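Trainee: Sharing a structure, written as structure tokens. Questions coming.
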Amino acid sequence: MALLSITPLVSRSCLSSSHEIKALRRTIPTLGICRPGKSVAHSINMCLTSVASTDSVQRRVGNYHSNLWDDDFIQSLISTPYGAPDYRERADRLIGEVKDIMFNFKSLEDGGNDLLQRLLLVDDVERLGIDRHFKKEIKTALDYVNSYWNEKGIGCGRESVVTDLNSTALGLRTLRLHGYTVSSDVLNVFKDKNGQFSSTANIQIEGEIRGVLNLFRASLVAFPGEKVMDEAETFSTKYLREALQKIPASSILSLEIRDVLEYGWHTNLPRLEARNYMDVFGQHTKNKNAAEKLLELAKLEFNIFHSLQERELKHVSRWWKDSGSPEMTFCRHRHVEYYALASCIAFEPQHSGFRLGFTKMSHLITVLDDMYDVFGTVDELELFTATIKRWDPSAMECLPEYMKGVYMMVYHTVNEMARVAEKAQGRDTLNYARQAWEACFDSYMQEAKWIATGYLPTFEEYLENGKVSSAHRPCALQPILTLDIPFPDHILKEVDFPSKLNDLICIILRLRGDTRCYKADRARGEEASSISCYMKDNPGLTEEDALNHINFMIRDAIRELNWELLKPDNSVPITSKKHAFDISRVWHHGYRYRDGYSFANVETKSLVMRTVIEPVPL
């Protein structure tokens with residue numbers, strides 16, 4: 001990843017120059033379009049409820065709530081002490097102690113339990129968000145487990161004569177996520193004579209519950225066509241929900257089950273998972289001393305990164321303010337939320353370029369989306385699209401004033417990200433990025449025309465355009481290119497357009513976003529959605545029928561996406577694809593139950609507080 005120095009503050013490599021910042025700071029007193037032979041000056045009221053102009057331009061309104069995280073509040077955050085060298089030194093000592101105590105596999109040579117203990121240790125360090133310190137040890141542990149894997153799975157230890165659900169389910173999930181070739185057919189061993197998953201009568205046996213919990217977790221990394229994984233998910237979901245009714249609601253096991261059912265895998269964010277897992281970790285561990293060291297290390301690492309987040313967040317807020325964004329009252333302002341999401345999928349200290357880049361790209365996309373979908377007129381948008389594709393600020397003089405601010409923000413930010421990416425990749429990627437943006441502008445323009453004319457496309461026509469207008473590609477491309485992972489053309493084409501990975505992420509984002517937003521969009525005059533277009537193509541279907549079909553499409557696409565990420569013997573390493581995949585988890589997280597991007601709900605605010613604003617108590 002491109003390394004950006006954040007000491008003592010974020011590197012100027014991600015900041016606009018002073019003359020660029022001045023160019024971006026614009027007020028919006030007028031709205032005008034230059035036309036041959038006609039000079040038009042519009043006076044606008046930028047409150048979201050009405051816009052007055054001399055020719056009475058009527059604009060649609062998003063009715064979005066304002067920015068929840070004022071720049072004054074962000075800049076006033078008091079720095080925590082965790083950036084001091086002594087905290088880093090303590091964390092480094094603990095890393096060594098954990099390796100000596102917990103990853104000393106000579107202490108795990110009990111043939112009756114050695115496989116499960118290795119899997120549990122790997123699972124713990126991953127869920128606590130500290131696995132990057134133990135890559136070598138994790139590989140050694142998983143190689144050992146894999147050497148005893150067979151067509152019936154594994155038992156708790158290498159000498160076990162009976163396969164074990166907990167060990168096999170956890171092993172299937174963990175080995176698959178690390179690129180080992182393991183078949184889900186091993187789960188058939190745990191079916192009864194009727195071919196069904198079954199359990200004992202006493203659902204309160206904690207060991208059995210944990211086995212089913214890991215069966216549920218394993219079912220989420222299913223590949224296409226794996227019927228047994230579908231059956232495992234159905235059985236385990238029902239079982240765990242029933243278990244929650246029978247075990248104490250305040251118990252650690254209950255909290256763990258609720259978290260796993262709530263977030264799953266595709267909607268989970270690693271840093272949020274780490275923060276939540278700290279609250280339940282260690283309660284069922286026999287080696288309390290070792291568990292305490294592991295938990296202390298996790299908390300220290302969480303807070304050391306938190307001290308870096310404070311500086312990055314202040315940079316993001318300054319960038320947002322200096323870019324003229326506060327004057328863009330027609331759009332949503334979710335830059336702080338986007339930074340929290342970026343931090344939750346990339347919390348290695350050296351990935352600053354990715355975090356800042358994703359935050360800025362997401363903000364640009366949000367501004368553009370609201371401008372094209374809601375605020376701009378078709379004439380204005382056609383002019384903006386043609387002008388920005390020229391990539392020449394001197395060509396923007398005929399744009400309305402509010403569009404000039406948007407133009408300059410996009411122009412400077414994309415150029416700056418290209419310079420950061422060039423340092424990481426050793427080549428100029430600006431033209432590549434511009435191609436992604438131009439395709440996005442065209443897709444936005446197409447949707448604006450549909451809105452203006454009331455045209456309802458076919459489902460196929462809508463989805464082809466919607467994959468591009470989902471804007472995953474420009475959001476992900478430049479941040480990924482800042483990574484310290486080389487992306488030569490042949491690798492980049494397997495991660496970005498026209499790869500299957502990119503296509504699936506865009507499909508899922510478009511369809512999932514539609515299922516959460518189509519009613520609000522329709523209320524604003526946007527008729528086209530995957531739901532309405534599918535109903536048009538299939539007369540007689542109800543809205544519920546269409547929603548069910550779209551949800552099945554999403555489910556199938558997720559399975560295909562799992563395969564694209566994890567397929568064995570792949571020429572493209574998982575590490576090269578993982579950040580694009582994790583960005584898809586960001587979108588999933590925000591659309592879990594509702595549109596969490598347009599309207600920041602309690603969960604969104606809690607995410608920002610728990611993963612960015614507040615350190616974890618030591």
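Quick reminder: no glycine exception, Cβ is built from N, Cα and C everywhere.
Just lifted these from Swiss-Prot, have a look:
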type	residues	note
TRANSIT	1-51	transit peptide
BINDING	D369, D373	Mg(2+) 2 binding site
BINDING	D369, D373	Mg(2+) 1 binding site
MOTIF	369-373	motif 'DDXXD motif'
BINDING	D521	Mg(2+) 3 binding site
Trainee: For the motif 'DDXXD motif' (369-373), how many residues does DSSP put in helix, in strand and in coil?
Mentor: 5 helix, 0 strand, 0 coil
Trainee: For the motif 'DDXXD motif' (369-373), could you work out the same-chain residues 6 or more beyond its ends whose Cβ comes under 8 Å from its Cβ atoms?
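Mentor: That would be 62, 64, 330-332, 381, 384, 403, 406, 444-445, 447-448, 451, 471, 521, 524, 526.
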Trainee: Would you mind pulling the DSSP three-state label for the residue listed as 'Mg(2+) 3 binding site'?
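Mentor: Looking at the DSSP assignment, the residue listed as 'Mg(2+) 3 binding site' belongs to a helix.
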Trainee: Restricting to the motif 'DDXXD motif' (369-373), report the mean pLDDT as a whole number.
Mentor: 94
Trainee: Hey, what's the Cβ neighbour count for D369 (Mg(2+) 2 binding site) at 10 Å?
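Mentor: A count of 20.
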Trainee: Sorry to bug you, but what's the C-alpha spacing from the residue listed as 'Mg(2+) 3 binding site' to D373 (Mg(2+) 2 binding site), rounded to the closest Å?
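Mentor: Given the Cα positions, D373 (Mg(2+) 2 binding site) is 9 Å from the residue listed as 'Mg(2+) 3 binding site'.
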Trainee: What does the structure give for the C-alpha distance between D369 (Mg(2+) 2 binding site) and the residue listed as 'Mg(2+) 3 binding site'? Integer Å is fine.
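Mentor: That comes out at 12 Å between the alpha carbons.
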Trainee: Including all protein chains shown, what's the count of other C-beta atoms within 10 A of the C-beta of D373 (Mg(2+) 2 binding site)?
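Mentor: For D373 (Mg(2+) 2 binding site), the 10 Å Cβ neighbour count is 21.
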Trainee: Cβ-Cβ under 8 Å from D521 (Mg(2+) 3 binding site), same chain, 6 or more residues apart: which ones?
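Mentor: Spatial neighbours, sequence-distant, of D521 (Mg(2+) 3 binding site): D373, S529.
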